[in-house]
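The signal peptide annotation in TrEMBL covers 1-20. The domain 'G-protein coupled receptors family 3 profile' annotation in TrEMBL covers 593-804. Per TrEMBL, transmembrane segment is recorded for 595-618, 630-653, 659-680, 701-728, 754-773.
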Amino acid sequence: MAAVHLPLFLVLMSIPVILSSLQSNERRVVAYVPGDLIIGALFSVHHQPAADRAHERKCGAVREQYGIQRVEAMMLTLDRINADPDILPNVTIGCEIRDSCWHSAVALEQSIEFIRDSLIAAESPTSSPLAPFSEDAPVGGGVKCTEGLPPKGKKPIVGLIGPGSSSVAIQVQNLLQLFNIPQIAYSATSMDLSDKSLFKYFMRVVPSDAQQARAMVDIVKRYNWSYVSTIHTEGNYGESGMAAFKEMALKEGICIAHTDKIWSNAGEQSFDRLLAKLRSRLPKARVVVCFCEGMTVRGILMAMRRLNLTGELMLVGSDGWADRYDVTDGYVREAAGGLTIKLRSAEVKWFDDYYLKLRPENNLRNPWFPEFWQHRFQCRLKGHPQENPEYNRTCSSRDSLRQQYAQDTKMGFVINAIYSMAYGLHKMQKALCPGMAGLCDAMQPIDGSKLLEFLMKTNFTGVSGEHIYFDENGDSLGSYVIMNFKKKGKDHYVYTNVGSWDNSGLQIDDDEIWPNKDSIIKSVCSEPCDKGQIKVIRKGEVSCCWTCTPCKENEIVFDEYTCRACELGSWPTDDLTGCDPIPVEYLHWGDPEPIAAVVFSCLGLLVTFFVAAVFVVFRDTPVVKSSSRELCYVILFGIALGYVCTFCLITKPRVISCLLQRLGVGLAPALSYSALVTKTNRIARILAGSKKKICTKKPRFVSSCAQLAISSLLVMVQLGIIVALLILEPPDLVFHHPSIREVRLICNTSTLGVVAPLGYNGVLILSCTFYAFKTRNVPANFNEAKHVAFTMYTTCVIWLALCPSTSARTTRS
């Protein structure tokens with residue numbers, strides 16, 4: 001036992017030191033309602049201290065919704081619980097309500113007062129939850145009771161309701177869990193508080209901010225706002241919530257143009273600097289996602305007016321703003337159009353019936369009510385102990401809370417938190433005191449760790465009909481309402497319910513927010529690229545900022561960042577998302593070029609047949625005989641074969657036509673030029689023999705048969721070359737691409753397959769030209785040699801021009 005008392009003694013000895021360091025010059029007021037069991041509560045009855053005087057912990061003006069209404073809600077709820085025979089029969093629940101001022105230092109100071117009472121009760125053998133309320137025993141801390149007298153012999157709290165701020169709740173929980181005091185929050189939504197290894201005794205009747213962050217991301221995605229700025233209130237609520245938003249936004253491809261944080265009680269200059277940074281991101285980042293407490297949003301709205309940014313920025317706010325008119329009061333034009341997240345909670349009608357009847361003369365148990373009444377109506381309660389001389393007007397009976405009344409948006413959660421504590425105590429009483437009414441020895445004193453177990457198992461229907469229970473992290477599930485702050489009528493602005501969000505997703509009425517589709521705000525860094533363009537991210541920019549670059553004409557848009565060229569023989573489709581085969585081209589009989597070629601070939605054949613017919617008819621004449629008619633027939637056959645080759649070249653390429661092309665194109669010239677070579681060689685040899693003075697014998701191989709044999713031999717050489725090439729390179733069909741946009745069906749004749757036969761024909765032409773040059777000055781009987789020479793000269797010139805141009809064109813292709 002001594003081992004247990006020693007640490008408690010040490011803590012008790014250290015508390016005066018801590019209190020002296022925390023104690024401000026201001027005396028703290030406490031609302032105390034006696035009972036068998038006392039539930040503590042921390043409400044922000046006053047605004048937090050100004051940033052420049054935060055070290056003094058001097059709280060600001062009194063608050064109605066977050067302060068007075070919540071105080072009254074707790075007292076009224078406990079009245080209803082105490083009157084309910086089904087909850088803790090024969091047990092009265094009281095309360096001890098302290099002001100947190102929405103400030104960590106003040107809340108910690110007040111929490112230490114709670115802890116001191118618990119420690120004194122634990123150390124005192126006469127203290128117990130059943131000990132009577134004493135008016136005589138003094139108590140420190142500068143507190144004040146409902147009647148203005150210090151409470152004497154207070155009972156320790158069994159649990160704590162609140163506070164509202166996440167950062168403050170974390171500070172308080174770090175202290176309370178050292179003494180096993182359960183804490184149930186009604187609006188602290190930070191994700192960090194779900195960590196049971198750090199905050200074992202913390203529970204809440206609201207969901208974690210992870211769900212709210214998901215809802216905000218879904219809203220931003222809904223309207224394609226891919227480039228937004230973010231602001232959060234400095235502290236755990238804003239930091240953890242914004243961290244969750246950024247993480248989810250990154251996965252959804254949403255870019256953050258600028259991110260910043262600010263204290264909700266920061267000065268005007270701080271807010272102006274913040275808004276100046278946001279203005280530098282205009283006109284691209286017009287949407288500002290604000291994971292902020294209400295007063296932070298108000299500071300932003302005020303700065304928007306000072307910097308003339310009304311209508312330039314659109315705010316998407318968290319539940320710290322929700323549908324609070326104290327945030328937008330006086331700055332409705334700046335807030336117009338904003339979308340906010342609000343925890344779904346119906347108004348509590350029976351609270352209105354009670355609250356709206358309150359007046360200073362009939363509400364004596366709330367020590368802050370006179371101060372609030374004077375502040376609310378800017379009047380003085382003449383003769384009252386708390387009379388405020390700053391106000392000139394005397395409060396009258398015409399003053400009523402119905403004037404400009406709005407219920408606290410989290411009223412339902414405050415009441416549900418109180419009921420959760422009551423139901424947990426009820427379950428504990430039934431389990432530890434079976435069959436008994438009231439408290440038994442097993443509950444003296446209240447064991448916080450056991451109470452926590454019963455609280456985690458609490459399951460009941462909430463004040464608005466919702467199902468209240470806690471998961472393994474002490475969190476409750478919930479859903480959100482999407483509110484739109486908009487103008488209704490002349491100079492009248494209201495919050496309008498435009499949608500909802502739960503685990504099933506976002507449901508929102510776009511027409512209610514944007515009656516004109518063209519009025520939807522854009523918040524993008526770069527516009528989508530046109531068809532056929534890809535995004536190029538600028539160096540140092542986020543992924544939402546890009547320049548659009550067109551793909552090449554033969555490329556498709558593979559993805560939004562990549563062009564990909566179509567394979568050779570295909571071309572991009574009209575939508576530039578795929579490739580289609582390019583239609584294959586080849587010569588058709590109906591095309592102009594083939595028609596012209598066929599006409600000339602037919603004319604050539606007719607002329608050739610006509611000449612051949614003349615030779616046949618006049619075959620026995622001296623002229624025909626002297627011209628070596630057999631060789632002339634060979635020449636005419638070669639010419640005719642050349643004209644016939646035109647038809648093989650024009651027809652649609654097939655293997656057989658490719659074979660005939662390679663045979664005909666090589667053999668046709670070879671037939672003609674081999675006969676001419678043989679003919680001019682014969683003339684040259686005859687003339688050489690005639691120049692000799694003594695002719696001993698006739699030149700050999702000048703007979704017709706010999707001439708045909710020589711000519712055939714020369715043609716066979718060409719035929720051998722062609723056959724060898726056909727064996728090496730069998731004829732086949734291939735696709736030829738003169739350009740990336742063209743595909744032609746051609747034969748697979750290689751360069752060797754063309755050069756070798758033409759080269760041999762070139763040798764025949766040169767040989768023929770040589771002999772034609774030698775026989776240029778022949779007697780008149782052989783004057784055909786002159787014509788042959790002229791023809792061969794012309795042929796050489798044509799070939800000299802043809803070969804380089806053909807080679808150059810092949811190289812470019």
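Cβ atoms are placed via backbone N, Cα and C, with glycine included.
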Near the transmembrane segment (659-680), which same-chain residues lie under 8 Å Cβ to Cβ, leaving out any that are not at least 6 residues past its ends?
628, 631-632, 634-635, 637-639, 641-642, 644-645, 648-649, 707, 710-711, 714-715, 718-719, 721-722, 725-726, 731, 747, 749, 753, 757-758, 760-761, 764-765, 767-768, 771-772, 774-775, 785, 788, 792
Whether the transmembrane segment (630-653) meets the transmembrane segment (595-618): three or more C-beta pairs under 8 angstroms:
yes
What same-chain residues lie close to the transmembrane segment (754-773): Cβ under 8 Å, and 6 or more beyond its ends?
662, 665-666, 669-670, 673-674, 676-677, 680-681, 683-684, 714, 717-718, 721-722, 725, 785, 788-789, 791-793, 795-796, 799
For the domain 'G-protein coupled receptors family 3 profile' (593-804), what is the mean per-residue pLDDT, to the nearest integer?
82
